[in-house]
Amino acid sequence: MIKFRYNSNSSLITILFFILLLPILASSACTCEKQRKDQNKSKEVLRYKLVAIVSVLVSGALGVCLPFLVKNISSILHPDKDFYLLIKAFAAGVILATGFVHVLPDAAHESLTSPCLSKNPWGRFPFTGFVAMVSAIGTLMMEAIATGYHKRSELRKSQPVDGDEESDHGAHHAGHVHGSALVLEPSNSLELIRHRIISQVLELGIVVHSVIIGISLGACQSPHTIKPLVAALSFHQFFEGMGLGGCIYQAKFKHKTMATMVLFFSLTTPIGIAVGIAISNTYTTSSPTALIVQGLLLSASAGILIYMALVDLLAADFINNAKMLGNTKLQLGANFTLLLGACFMSLMAKWGES
């Protein structure tokens, strides 16, 4: 009887032991399974990020090089033709929508008004709009000062070295020709300088937010977030590059300078993605420092892009271009392509969120 009770107790103890051990074994099995899933997920995420680097690099390079390629392929798409004004209007709409719909909301709603930041001062003052406004005013001032400086320099260079007055008719005729040059040459040179300033400032604004977008994508760990971003960002880089490429073409830089600017734009976002991959284990997008830096840079970038799109790209063609003002069909077409570019880029923002 004692023996039976002993065996029964020992069996009961053994059963209780396995019952108590079961959750531990189950949790360890789940942990191993979770680790395997995490490893597979990490590999999938890395694969998408590598695809993003290649896709964004190719689309950005193709977009920024397109104005230089089409001039040799098709006379219709030559930058001096009417049809190219329609392409410029479309690209300006893309850049305008980038500033208003992509960059500014990211700075306002995801960075500087994040609940991760303290209410004082970030919740008590509209820093996003303020920084964007200061950035736009700063761009205007810089452009005006640089243009004025170059204009004064050109006028000083155009002054005759010899102050003697011309006496005969031949000398008077030469002076008249020289006087005409005083009007025409500085004007042409000033327009060229203006295009160069526009292209450089525009690239600065584009590059700032391209770096931030690249780092954010590279640091992201969700494949469901990355997949739509790859397609949206590729289209984004293509059309934005097309607008920038047109400005670089009109600036008529030397070949070395143009190649540098094209490479700089093409490589910025892929390098940002690579940096994001490298720091993905340590970088936290919700840390206060990261949110503040991203928000301020994005706000400044938005101000630059909005100013450049409205003042330097659209106003220059829609208000000051004699060819545009004298052709009603061209005006209507440019307005249509402007709205098309802006709407298309706005849809990219919705696509990137889905």
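Even glycines carry a Cβ here, placed using N, Cα and C.
The following features are taken from TrEMBL:
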SIGNAL    1-28  signal peptide
TRANSMEM  50-70  transmembrane segment
TRANSMEM  82-105  transmembrane segment
TRANSMEM  125-149  transmembrane segment
TRANSMEM  261-279  transmembrane segment
TRANSMEM  291-311  transmembrane segment
TRANSMEM  332-351  transmembrane segment
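Between the transmembrane segment (82-105) and the transmembrane segment (291-311), the number of CB pairs under 8 angstroms, six or more residues apart, is three or more, so the stretches are in contact. By the Cβ criterion (distance under 8 Å, sequence gap of 6 or more), the transmembrane segment (125-149) is counted as touching the transmembrane segment (291-311), at least 3 such pairs being found. Counting same-chain residues at least six beyond the ends of the transmembrane segment (291-311), those with a Cβ under 8 angstroms from any Cβ of the stretch are 92-93, 95-96, 98-100, 103-104, 106-108, 111-112, 114, 116-117, 122, 127-136, 138-140, 198, 201-202, 204-206, 208-209, 212, 216, 285.
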